[in-house]
Amino acid sequence: MTKSSTLVITQSLSFGLCYIHACPIEEEEDDDDESLGEQRSRSESTMKTSGPFHAVRVSPLAPLNRAHILLYSLALFAALRLRLHFPATSLPSFLLLAADLLLAFMWFTYQALRWRPVRRREFPDRLLHAVAPDNLPAIDVFICTADALREPPASVASTALSAMAFDYPPEKISVYVSDDGGSAVTLLAFAEAAKFARYWLPFCRENGIVTRSPEDYFRSVEGGEPETVKLEKMFQALKEKVEKALQRGDICNDITQGEEEEEILKKWKGFIRNDHPSIIQVLLQSSKDSDVTGKPLPNLIYVSREKRPTSHHHFKAGALNALTRVSSTMSNAPLILTLDCDTYSNDPRSPLHALCYFLDPAMSSNLAFVQFPQIFQGLNKNDIYATEVKRLYTINPRGKDGLGGPNYVGTGCYFSRCSLQGNTLPPSLPRQPTDSISSEFVIRKAREVTSCTYELGTKWGTKIGFRYGSLSEDFHTGLHLHCQGWKSVFCYPEKPAFLGDVPQNLNDVLSQRKRWSVGLFEVAFSRYCPLTFGTTKASFLEGLSYAHEAFWGSWSIPITIYCILPQLALIYGTPLFPKVSNPLFYLYAYLFLAAYVQDLLEFLAAKGTIRRWWNDQRMWMFIGLTSYLFGTIQFLLKKVGVSSQGFNVTSKVVEDEQRERYQKGVFDFRAQSPFFVSLGTVAIVNLSSFAVGLGRAASLQGSLDELFAQLFLSACVVANCWPIYEAMFLRSDGGKMPRMITVFSLLAACFLHGIGYLMFSV
């Protein structure tokens, strides 16, 4: 195929200038416009013949959602009017009013996600019928890792191998690994993975292997054909070699001394993790390297950007921007796939699903990204920590997809390079078409664009690339792209495209959610607040949907108030809600029950179970009392100038004992964490409140009619806190609550009882 025809086809597929830079062309004749028109018409006619590449339909529940929104709004308005009708003259009444207003705000913003949920379906076979493999666009895959101790390098390499093994022309795939930990062991792991790829890729291709992460494939099979056993031994040898090097902290004894290996070792002499120059290493090059069957291998490039103590590196967003620029100097593919280091490819056809949208001329011109759901492997039967996060990764994206598209969730996302860099590249970046990606010229340019001073005076992180200013760089980036007029698509094929790992102890889950809440607050209280910036630059409903997530941390206020205040009032016999005999009681009962029932029905409609829903709402309460509460405090301290911790990497290392407890559905409270003091305190306050309330009801001291609502709230919290009571008083295994945490919780509960006495008895 000639270069001119390549250009025509890529233009007809609406990749414009980004792909023109990726595929340099020669000068064309004057009749090019006619040829372009003919080819575009042919492409569109092919789609008409074979059928559309994708389909979309609005959920049949949308009309019911809107009817319920109207009914619930009237009830909510009536309840708030009653609250406001009686002035908040006491601290308890003021706190309840504040809690109700925040609950109403969070409910209101969430209704944007229920307004027009949609479901999509892709037809990749039609795509392959319409577009020849040679005409498929190239893909750059970005994988970020930051800590070799918490993110095992062999596992990260396995993720990269799963992407290299896509059902896609290998010469069109380039995998870039950002190592923000600057670990020689990580480079060793990828150097070994490059050797293993020569055998692994043809093995997957010839045997129809679907799980193409070797770590997960060999975990799921036992024995097998001699070739399988041979490859398993090779991969185990790779893992052992990397793990031994990690234990020693160096790779001197693990690299076979050769010219290339010696050059690699030189780069780590005098190396300091947070103070070192850029390190770029091309480990595989399609134009030179091939597998054992003679087919070309994908490009594989290791990148450790320059770090200096005096320069801010902007965490993951900075790493992704560095990879965006490095890839521009090398492969410059029009599509970019971002993956977390523990998110491996579970369906080798995922690029084809994404291309069903990117290659649709009707929508590709303003399509920024195609987001796949984040789905996890290894969940225990009932998902005790709600790490599936079904609402964030499955339910909400479908609601957003009907407005302007889902937000970016940090992994499993295919981007159009144009949406990140604009239609033209910086003049210093494009390479000469004859240059090899490992040439001195290209490597020099790659080091230049990864220097810590390169972004000074540019729009990187503000107008182009992944956005800075928040620990939740994915949320921030998605918001900006939608506010610039770009659209996105939620692609949820029947077979999960990617699978990730989940934290398997409670402290890691809560720490992760705290980090999210701080990052979201950083966006919510900035000039890019979705309530103002989002509703005016995108659409009103889209802005509301972003606002709901941006203010997640504010859940901590009503959850904390409703988990403590009514219970303290119950202990001292003070009613805070209408009597059961009062008709207004049924208004509050409707608001409570309708919200929970709708939440349950949405969860079940998303293929959840009742037990998982119960654990999901339990964790919503736990997270509100810990992650959101501590995240709110950390954000406020940061705003007044008190230093706070930066980005923390969630550990991917799991101990056998911890894994066993998790798989049995047993909570792990062994960490000495302030989160558990908060949970223990609330659990004790509610247990004492429930006991006193039952005593009052049994002895007829005080009317159950007046205090029923508070007794019911105590019962709900006690039921949710049962794992805490077990960990504090009944268990003796290694995952029980530390004694010191239990003591502090008892002291804090006594303090709150004293506060309750001052509020309700004095």
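Here the Cβ of each residue, glycine as well, is placed from N, Cα and C on the backbone.
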Practice task
Please find, within the list 138-157, 618-637, the residue stretch that TrEMBL describes as transmembrane segment.
Solution key: 618-637
Exercise for the section: Counting only CB pairs under 8 A, let me know which of 94-113, 618-637, 675-695, 707-725, 737-760 has the most with the transmembrane segment (550-573). Expected result: 618-637
Practice task
Between Glu151 (UDP-alpha-D-glucose binding site) and Asp474 (active site), find the distance joining the two CA atoms and give it rounded to the nearest Å.
Solution key: 20
Fill in the blank from the handout: For Asp180 (active site), the nonlocal same-chain Cβ neighbours (under 8 Å, six or more residues apart) come out as Cys144, Thr145, Ala146, Ser304, Arg305, Lys307, His313, Phe315, Lys316, Ala319
Handout entry: Spatial separation of Asp340 (Mn(2+) binding site) from Asp474 (active site) - C-alpha basis, Å
Key = 12
Problem - Neighbour count (Cβ, 10 Å) for Lys316 (Mn(2+) binding site) - result: 22
Handout entry: Long-range Cβ environment of Asp340 (Mn(2+) binding site), under 8 Å and at least 6 residues apart
Key = Ile143, Cys144, Thr159, Gly410, Thr411, Gly500
